[in-house]
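Undergrad: Have a look at the structure that comes next, please.
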Amino acid sequence: MAAKDVVFGGEARARMVEGVNILANAVKVTLGPKGRNVVLERSFGAPTVTKDGVSVAKEIELKDKLQNMGAQLVKEVASKTSDNAGDGTTTATVLAQAIVREGSKYVAAGLNPMDLKRGIDKAVTALVAELKKASKATTTSKEIAQVGSISANSDESIGKIIADAMDKVGKEGVITVEDGKSLDNELDVVEGMQFDRGYLSPYFINNPEKQAALLDNPFVLLFDKKISNIRDLLPTLEQVAKAGRPLLIIAEEVEGEALATLVVNTIRGILKVVAVKAPGFGDRRKAMLEDIAILTGGKVIAEEVGLTLEKVTLADLGQAKRIEVGKENTTIIDGAGAAADIEARVKQIRIQIEEATSDYDREKLQERVAKLAGGVAVIKVGAATEVEMKEKKARVEDALHATRAAVEEGIVAGGGVALLRAKQAAGDIKGDNPDQDAGIKLILKAIEAPLREIVANAGGEPSVVVNAVLNGKGNYGFNAANDTYGDMLEMGILDPTKVTRTALQNAASVASLLLTTEAMVAEAPKDDAPAPAMPDMGGMGGMGM
């Protein structure tokens with residue numbers, strides 16, 4: 001086992017604080033509307049340019065192991081805030097640095113770190129309660145656009161495109177971000193339910209322009225096994241042909257004689273039919289077939305519920321206004337399922353989301369909710385170069401997370417104002433002893449840090465602005481984009497409550513751990529062995545002319 005260095009007390013904390021400062025100083029230059037970029041080296045290809053706090057934090061690894069421990073703990077603040085709220089990583093880092101910087105002075109002065117921590121916890125609980133009271137629900141598309149713009153570093157076009165996407169697919173809808181092909185951002189909306197399975201044979205195509213099979217007012221047959229014998233399908237095909245409507249078959253597989261017969265009937269124009277594979281695998285496939293059945297008002301034909309293909313009636317088939325089947329995707333538009341049944345199914349999946357333990361399962365369940373409840377919107381990010389594309393895409397993703405957080409828990413005044421107002425509203429928070437009081441005082445001072453940093457990045461005088469904002473009331477604050485004071489909500493400077501709350505809680509949590517650290521253990525640096533001496537060259541005779 002490698003030898004370890006053990007460092008105690010003040011020296012340990014001082015080294016950790018150095019690491020915290022190095023990381024936080026690199027991250028905080030990105031804060032606010034006049035925040036700067038950070039350039040990240042890449043081992044190959046062009047460097048990455050970013051204004052995203054967590055992207056900067058993740059890149060930082062310090063040579064000094066003790067400093068690195070401090071930096072890694074603050075990195076945890078940024079990534080936890082990103083995971084929980086999707087934004088606010090820079091604010092969380094700035095708050096953590098401020099709490100550590102103030103707190104280490106108190107600890108050095110001999111105050112009890114554990115009581116300081118208890119005081120910090122009391123203050124944070126009181127501030128979070130005030131933030132929740134001040135929170136205002138996001139109701140309008142304009143507010144959603146404003147939240148998105150602020151999170152995307154004051155880029156109004158990004159805020160607007162996210163608000164448009166949410167208008168189209170609903171607040172529960174799936175919104176994905178992809179690389180665009182042009183210089184402008186574009187929004188593509190897929191209405192209805194789309195799943196990633198296309199036609200089983202190109203002979204089903206009836207629209208050569210779109211290279212797709214379009215079915216108007218079709219029936220939908222859902223079967224959970226393979227279909228290889230056409231005899232099994234004949235009763236259904238005869239009933240559908242009599243009704244004179246097209247048919248979409250969704251099964252585990254359609255192969256052999258069954259597929260060949262369907263293709264021949266389609267080519268001859270006897271029957272308009274398309275076959276696709278069922279989406280998903282295993283248990284997820286069954287669940288998705290059930291989703292499609294509820295959406296279209298049909299049933300999944302499965303032996304376990306006593307249904308077989310021979311006994312299928314038209315009442316067992318689903319229906320939709322229109323279905324488009326492409327090479328890789330199938331889209332069901334305006335299914336005939338009852339709204340109450342769809343709502344009940346969505347509620348059931350939401351309960352599963354709450355109980356899900358893995359992120360992957362949760363994501364897949366959320367996709368299913370979105371497909372049932374709304375639709376899918378794709379934001380295609382446009383840029384002139386690949387470097388700009390990456391930077392812009394990261395900002396769009398940040399803005400998307402922030403708007404979701406705003407919809408979830410509401411909004412508060414942005415620009416660091418909400419924390420100052422929470423401090424005023426919390427009034428006189430009392431600790432059980434003077435050391436706890438010091439912890440409370442520490443937090444109340446530290447929460448000025450985000451506003452101070454926004455002003456500093458805009459080239460202003462932080463103390464003057466903080467005093468002016470503290471003397472104001474309500475949503476009165478400072479707009480660093482144009483150096484004016486006014487009502488932050490009216491100026492469209494908003495933060496999601498969840499983002500501000502999560503940033504404060506995570507910063508206080510990790511900063512408390514740093515302040516209560518009394519010893520650090522790290523691998524001792526290896527002594528570089530001296531290079532071996534050059535061997536004797538011997539007599540190099542015979543060199544004379």
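Each residue, glycine too, has its Cβ placed from N, Cα and C.
Copied straight from Swiss-Prot:
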- 30-33, Lys51, 87-91, Gly415, 479-481, Asp495: ATP binding site (BINDING)
- 526-545: region 'Disordered' (REGION)
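Burial and contacts for the listed features, if you can.
TA: Under a cutoff of 8 A between CB atoms, and with a sequence separation of 6+ in the same chain, the neighbours of Lys51 (ATP binding site) are Thr30, Gly35, Arg36, Asn37, Val38, Asn153, Glu391, Arg395. Taken residue by residue with DSSP, Lys51 (ATP binding site) is part of neither helix nor strand, so it is coil.
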Undergrad: In which DSSP state, out of helix, strand and coil, do we find Asp495 (ATP binding site)?
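TA: Note: Asp495 (ATP binding site) is in a strand by DSSP.
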Undergrad: Taking the Cβ of Thr30 (ATP binding site) as the centre, how many other Cβ atoms fall within a 10 Å radius?
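TA: There are 22 such Cβ atoms around Thr30 (ATP binding site).
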Undergrad: Provide the number of Cβ atoms within 10 Å of the Cβ of Asp495 (ATP binding site), excluding the reference atom itself.
TA: 30
Undergrad: In three-state terms from DSSP, label Gly415 (ATP binding site) for me.
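TA: The three-state answer is coil.
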Undergrad: Any idea which of the binding-site residues Gly32, Gly88 has the thinnest Cβ neighbourhood at 10 Å?
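TA: It is Gly32 that, of the binding-site residues Gly32, Gly88, has the fewest other Cβ atoms within 10 Å.
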